[in-house]
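**Student:** Have a look at the structure that comes next, please.
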Amino acid sequence: MNKNSSNTMALAPNTSNKRETVCIFGTGDFGRALGQKMIQSGYSVVYGSRSTQMSNLIPKDAEVLGHAEAAQKAAIIIIAIQRQHYNFLTPLAEVLRGKVLVDISNNLKLNQYPESNAEYLAQLLPGSKVVKAFNTVSAWALQSGTLDASRQVFVCGDDVEAKQMVMNIVRALGLTPLDKGSLLAAQEIENYPLQLFPMWKFPIFLSLGLTAFFFLYCLALDVIYTYIYENNNFSFFIAITIPNRVCPVMALILLALVYLPGIFAAIIQLYRGTKYRRFPDWLDKWMLCRKQLGLIALAFASLHAVFTLVTPLRAFVSWRTSKGIISQALNNKTEPLNNTNAWLSDSYLALGILGYFLFVLLGITSLPSVSNNVNWREFRFVNLGYLALIFCTAHTLVYGGKWFLSPSAYKWYLPNIYILSLIIPCAVLVVKFVLIFPCVDKPLTKIRQGWERKPKYSE
């Protein structure tokens, strides 16, 4: 007799105990893969098909019958066919009455039909209990054991008991069910596999736009201006110098944009005196994509670190260093160490290293595998976002502060790129500093705990 360990993981279900019979309509790639996975998990599987002849592609332990005969053998029927072929189910309405029908279909484009496929199926067969599930899982994921794919399965349906039966199957397959509510959520679930990084669209477009702007801004001041007025050809700055200026600027601005919507939200709540009103749509969308903005900022900061590390290898830097040494030798004069510059240099490097360390720590805590294993207090302890913003802002201030009052830094009367990069971060830090004053923080905390200045309903 086999002994089953009490701590057996969901990914290795117990196959020694046979489960109920499940019927699958459709013998395509997904229907076959799902059937094979169910057989491995202890289920008896019967396929309903137009052709009852066994094929080498059908799992060997499965049974193939006609649709009506197969449906009579199971309480749960998985509809693994496309919507355009649903009409063949209408003559089977009496056989399918009271059965749980699991719709797993997807469409070719977003909102292809007025109603979801699951709702359409429920209209065709009003006597059946329709549940939407499995449409976000691929046949490849089932065949590969889901080791390299998402294990999350969205489930929705109007019948609670039917939905629970489907979720039990999901768990038995080693997947994680996520209850999305009634069948009205089916449209959203069906659109989900068709969306291309929905939460990344705004951060990516914003990053591309700002990167193009700052790149052209640096190109105008560092290459074009120098060529016109100083007759120096510094076009090679395009390869390393300009990207190494744009990357830290983008990292700092995007990091500030991660925390700016929180500032707006606090101001709006203080102004309204309540937390029970929706934020404007633009603020809602902004707050939902803060994680993506932060990860893109971390990518820019990492590029800045790499560009900085290769700086000593550049021919321009070697030429400039050797030129200084030769100049001192010809003039028989050694430049003394400037302690002020040495302090500034070490300070901005130290601040940059600390800021980047906290940046990486923020990136690590954003990983689901990490954030899901820490409680809220632990997450707050390691999530030192504002401290990272302070260090990165100080790093830029120490490095680029010398250009604030230097007239030569304002080419074509335009400020240096580092001056522009400090506007948003400094504004965020100043307002945040005001918000932590007790006279502001206490009422804001009370509002976020449910207190209202003018309650809508008073006792």
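Glycine too: its Cβ is placed from the backbone N, Cα and C atoms.
What TrEMBL records for 21-107 is domain 'Pyrroline-5-carboxylate reductase catalytic N-terminal'. According to TrEMBL, the domain 'Ferric oxidoreductase' annotation covers 249-382. Under the heading transmembrane segment, TrEMBL lists 204-229, 249-271, 292-313, 348-369, 381-405, 417-440.
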**Student:** Would you kindly list the residues that approach the transmembrane segment (292-313) from elsewhere in its chain, counting only those six or more residues past its ends and only Cβ-Cβ distances under 8 Å?
**Tutor:** 199-200, 203-204, 206-207, 240, 243-244, 247-248, 250-252, 254-255, 257-258, 355-356, 359-360, 362-363, 366, 385, 392
**Student:** Go ahead and report the DSSP secondary structure tallies for the domain 'Ferric oxidoreductase' (249-382): helix first, then strand, then coil.
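**Tutor:** With helix first, then strand, then coil, the domain 'Ferric oxidoreductase' (249-382) has 109 helix, 0 strand, 25 coil.
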**Student:** What residues in the same chain, six or more past the boundaries of the transmembrane segment (348-369), come closer than 8 Å to it by Cβ-Cβ distance?
**Tutor:** 251, 255, 291, 294-295, 297-298, 301, 305, 379, 382-385, 387-388, 391-392, 394-395, 398-399
**Student:** Counting by DSSP, what is the helix, strand and coil composition of the domain 'Pyrroline-5-carboxylate reductase catalytic N-terminal' (21-107)?
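**Tutor:** DSSP classes over the domain 'Pyrroline-5-carboxylate reductase catalytic N-terminal' (21-107) add up to 31 helix, 21 strand, 35 coil.
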**Student:** Can you tell me which of 204-229, 381-405, 417-440 gets the most C-beta pairs within less than 8 Å of the transmembrane segment (249-271)?
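**Tutor:** Counting Cβ pairs under 8 Å, the winner is 417-440.
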**Student:** Short question: which residues 6 or more past the ends of the transmembrane segment (204-229) have a Cβ under 8 Å from it?
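**Tutor:** Long-range Cβ neighbours of the transmembrane segment (204-229): 197, 235, 237-238, 241-243, 245-246, 249-250, 253-254, 257, 292-293, 296, 300, 411-412, 414, 416-417, 420.
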